[in-house]
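One structure below.
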Amino acid sequence: MPRCSTQCGKNAILKRPKTGDALCKECFFEAFENEIHFTIQRAKLFRPGATVAIAASGGKDSTVLAYVLKLLNEKYDYQLKLVLLSIDEGITGYRDDSLDTVKKNRDDYDMPLKIMSYKDLYGWTMDEIVAEIGRKNNCTFCGVFRRQALDRGAYLLNVDYLATGHNADDIAETVLMNILRGDLSRLNRCTSIITDSGDGIPRVKPLKYTFEKEIVMGHARVLLKDLEKIDPAIIMNIIQSGENIRVNETAKIPKLTKCTRCNYVSSQEICKACILLEGLNKGLPRLGVGKSSRVKRILKINEENSKKCSRTEESCCKENEKKSCVCKSLSSCVR
Ligand SMILES: Nc1ncnc2c1ncn2[C@@H]1O[C@H](COP(=O)(O)OP(=O)(O)OP(=O)(O)O)[C@@H](O)[C@H]1O
């Protein structure tokens, strides 16, 4: 390795993929932290005196986020109050381990920690959901419930911001996925460093321009890594493409509104979390997996059937072994 390109006199230990600079350990840390500080300053990400919940999964990104935010908060006097918010999805052998890491973050960084579980919020752990639906579609449940659980946690903690550890690779991957799906609404939102979750608590991504070097499973990610081999600037270019795409004014973009059932933000009358939950509770776990037009059709059929159902709650549930009952009282008798 050559000498550190900052002329500090030390030997370089790595070549940064983002800039191509050969740096020593100390200069790399400094450049890394300064870039995040610059991102925060340029986007005016935090109001001084605000409380920030750091969405802490126990993974590398959110652990680095907690570390860097604490460091920058003290170094540059952002005057932020930092707390950790963790969601326990109830995945044995996975989340329980990473929750130990989050508890270590709490002790190391001296930050309060709030843990919220799917079991308490939805009545189901991910292990129970997988037992019901199988392995194929369980990511849909996990993603939708986690997103809402983080919003609920942030609301409960009465914080001003929710910061996640999404990095440049995550964002470039999401841009690519939304382009491939033609999802203009999400494409519009996914490159923003700050997004309104709909209940007044903005979500922020201080690591938006920070690279992730690890290769994670997933087709878009693999494609991205292949493209990166051809041109290292590709990750930034894809984010920029996403930012520059202009949406045709005649294109139909769903408006964010409130779910009529749980009152959380949704682009549909009933939010995805409520539909997934209804499917689980009615023994129709695949209800929310797939197109919203199909979901609407099934909900309508169920609604019509339930009008026809003249049985009592007990007999209906008994007859259907608490599984495919169509009477309106089903969710109360199943649970
Ligand atoms: N169980 C969780 N509890 C709290 N926050 C979470 C949880 N899972 C994900 N997040 C937040 O969402 C971000 C992106 O999550 P993702 O599942 O893509 O993990 P990741 O990119 O591997 O990040 P990490 O390394 O922090 O786990 C995380 O950095 C974290 O801020």
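Each position is counted from 1, following the chain as shown.
Each Cβ is built from the backbone N, Cα and C atoms, and glycine gets one as well.
Confidence in the domain 'tRNA(Ile)-lysidine/2-thiocytidine synthase N-terminal' (52-193), given as mean pLDDT, stands at 90. Marked as domain 'tRNA(Ile)-lysidine/2-thiocytidine synthase N-terminal' by TrEMBL: 52-193.
According to TrEMBL, the feature ATP binding site maps to Ala55, Ala56, Ser57, Asp61, Ile87, Gly165, Asp170. Taken residue by residue with DSSP, Asp170 (ATP binding site) is part of a helix.
Positions annotated as domain 'Cytoplasmic tRNA 2-thiolation protein 1 C-terminal' by TrEMBL: 258-287.
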Note to self: So if I draw a 10 Å sphere around the Cβ of Ile87 (ATP binding site), how many other Cβ atoms end up inside it?
What the structure shows: 25
Notebook entry, point to check: Looking only at Cβ atoms, how many others are within 10 Å of the one on Asp170 (ATP binding site)?
Noted result: 20
Item checked: Span of Ala55, Ala56, Ser57, Asp61, Ile87, Gly165, Asp170 around ATP - largest C-alpha separation, Å -> 19
Next item on the list: Over the span of the domain 'tRNA(Ile)-lysidine/2-thiocytidine synthase N-terminal' (52-193), count residues by DSSP class, listing helix, strand and coil in order.
Entry: 84 helix, 20 strand, 38 coil
